[in-house]
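S.K.: Below is one structure. I have some questions about it.
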């Protein structure tokens, strides 16, 4: 039993030869026609014995089957069913049919036998029997008629080879071909259309057994000729006829009118050149170019033509036509002299300038090369002169000595000796000369300092890119390039050579990759000059501002009206005094009167609250500060003209305990009778409830003055026991009732109205009390005589000191005229007027009434005036319990019939906007309101909540939209040009169109409102000189404010960097340590800023502290991209609707994009007069964009800088500038 060996195709199925064989088999294995199937039925009988023999051989385990014993054709002829299936199947189907028949035969003969088709196939992978197979039926019949002795066991069967595909027989019908179709005939009659189509059989022959590919019949099909397009291939665009230049309609520069000639001899005169090129047109200018340094000709000539009306008796010739003709005729074969020239068109002179620059550069290079060659020739000649003659004897080496022995010269020849090689050890310390260059230092204690050591050290460190090696007495300095590469090279040299030997020494190195750590950068001369200029400018501006302020002060002093200033000061003081007087004289007594327990007796009785003890008499009273001092205070003040005569308005009213409350028979006491000393008055704490003075008042102003006057210093009219009844009762009546007040004749005192009233009351009261004890007439005469004597003494004193009696009273809105009167004053007070007084005992009420009748008999006070005052002062206090406000009286308008012509009562204005104010203005009376209600009957009510709150909210919204406008309006809420109507009626039907930047600028109501407010403020400042002076003073004060300098900060940053570098050297060197310990100086120097809404555009950046000029503010950070990527992103931003792109160019190839990744520096707006500038600096070898201050910037000032967009002259949509500064250019581009 043998096994077939695997072939080349099994191991290399993808080999080209194997693939070609497979393609060949596929072309051969094509389905056969039905005609061949009918011819094969006759061969069935002959095919059966063959198949029987094949199966017997397989069952006997004989030799393996090959293609010669059992062919695929014989197997296919066993039965009609198998033949039909085989004609439509592939080679694999034939092979499977054969194997199934054999396997079925083996399984029927020997049940315990396993047949294998392949060496790796058994019964588990493929079942031995298969139902309903025609091959099984044939195999069973054959096996039943034969008796074959086979041995039991597993006999592996050889896999039959792949049979070749069955080819079709020659002469068989392959198909049908339509040769006549009446439907497709164009010129056919109705009879011909009735004919039937004719078909012709396609017979298979030897030539067309494998029909050729019809596509190969197309010429050059493999080269693409089969899919030719109808379009014509055009390797170059059409050559169109150029349009003639028209200066009136063409935009841009015209055709060139100038040519440049090169290639001629530089020594050629200008005459032949001019003669040659003047034949083409009139020459306007000819220029033979020369070297600007040496003045020699370069062989380059520029010829510029001009338009001529008639050239050499002919027609007009344009300058462009003459230049074009000269270019086309002289560019190839034209010669000047013996050289061929070259002519080029030169529109703007750029070509000639390029030729001149190139020629000058080549001449410079040629001169340098010639100079070097001459120097080499001279050196060679000098060496040859010093060589010995050829016949001189040679040395032992057989070569001439390169360095001949020269005798030491004597005398004058000693001057021609070469100087001695200078020592490499420098006397000046090198460390002070190194600024920022990285270096490595080797101290002299490790390697001795010698000049001969420097070349050896250079050779030792030749693997590193050092810039220079220098030495002084302290040691050696290996200096590297001042860049990031130099720093890395310094670190690499330190790592590889530190503590390594140099001859017999050890190189103990000290690395400084960031230069001299103790170096402090001094300002450059340019910066010093710039600072000096700025300082001089600031001083000049300061002097000018000072001069302007002084001039303004002098002008104001000239224009100042003293009367007006005095009037202003008086009005201001009157207002302050009136406020304090109202607090002390009206508010405080009214509050105390309201808090009187007698007023609330009915309420306590209703609520069942017991009466407090001691309510019969008030335990405290308010003693007026203007009534307690003696009446001669005016005299004492007049005698001291430089002392303050104004009484302390801000002092609190003095509250003291009333004495002798039980006495009702108080009489006028004798002036010789001394009163007992007063006890220390106790001041209750509830006086703090009265805010009668400011918080900033001093303690002396708030302290109540004590009554320490002696009795002798008082006038007789004031020497009384001073009971609380007279002070509280009568004084309050005079104040509350608002009675007219006059001053007695010859008083010579500055008194308030209540003081005069109290003096008169005290006089009458004392006389009345004294008359109860002594005879009334005697008491009156005695009292009158004493009073007259006192007044005479006071008048004499006033005349002695030259003081005129003046009485003033300052009350807001009321002018009180003090007139000296020498008549008796009578007052008739009705019972209704007295009923408003506080409730007191009968005795006190009687005394008060008598005093009033005695002192005021001549003045009639009607009950209406008293009632009005009572309503204005006391009624609000009574209405607190009832919580109801009285409605003020409204002015009524009386309407009458017009006399001349009929006129409407009210002219309705249709332009008024019908908002809340508009409706209130429209409705004039109750009739209008009634009609409005009738109109709104059919409408449902709106739920607006609280009506008052809703009305207040509507008016607040109106105030926000129309600041400063009150009442009805005649213009709608909107911005001019904000709402643009659509031509089609709706925005959705407009389509896509570009919105101009000028129109976008109108969509900034916030900016427009701020701009309007700014313009109004500036206009008011211009009209008001006081505001201008205040603003100038504020600017001057802001300049004097000390601003923090960043010099100390930079010094601290340098020290911190040095410490970090020292720590980096001490740490183990690993990848990434440098990035972890990298120090960003820009973050440490950043100023505190914030972003907020800007009046210029959208968001803005504001300073949070004062920033000095030339200080760094912030770094502009973002994503670093190339220029091509930035252009692509800008287009994407425009398409996606991002209105603002934050692209900042660093150089020609790099752009910072902060649109989606960046800091708050991108919010800085543009201004034509900015306060900042952007600079590009290098930090650690990389370029950064940093914003610096151009001038001193105050806190909360917006930061701006100039965007510096390129000017777009031919742009239809320029970006408008919204900065609003005085130097605004109007557009960004």
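Please read every residue number as a count from 1 along the shown chain.
Using N, Cα and C of the backbone, Cβ positions are placed for all residues, glycine too.
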S.K.: Tell me which range among 320-361, 362-403, 404-445, 446-487 Swiss-Prot lists as region 'Disordered'.
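M.R.: From Swiss-Prot, the annotated region 'Disordered' range turns out to be 362-403.
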S.K.: Which range, 234-261, 262-289, 290-317, 514-541, does Swiss-Prot list as region 'Disordered'?
M.R.: 514-541
S.K.: According to Swiss-Prot, motif 'RxxxRR motif' applies to one of these ranges: 1038-1043, 1044-1049, 1050-1055. Which one is it?
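M.R.: That would be 1050-1055, the stretch labelled motif 'RxxxRR motif' in Swiss-Prot.
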S.K.: Go ahead and report the DSSP secondary structure tallies for the domain 'Post-SET' (1213-1229): helix first, then strand, then coil.
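M.R.: Each residue of the domain 'Post-SET' (1213-1229) counted once, the result is 0 helix, 2 strand, 15 coil.
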S.K.: Report the mean pLDDT of the predicted model across the motif 'RxxxRR motif' (1050-1055), rounded to a whole number.
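M.R.: Averaged over the motif 'RxxxRR motif' (1050-1055), the predicted model reaches a pLDDT of 76.
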S.K.: Given a Cβ distance threshold of under 8 angstroms, which distant residues of the chain, six or more beyond its ends, lie next to the compositional bias 'Polar residues' (362-374)?
M.R.: 291
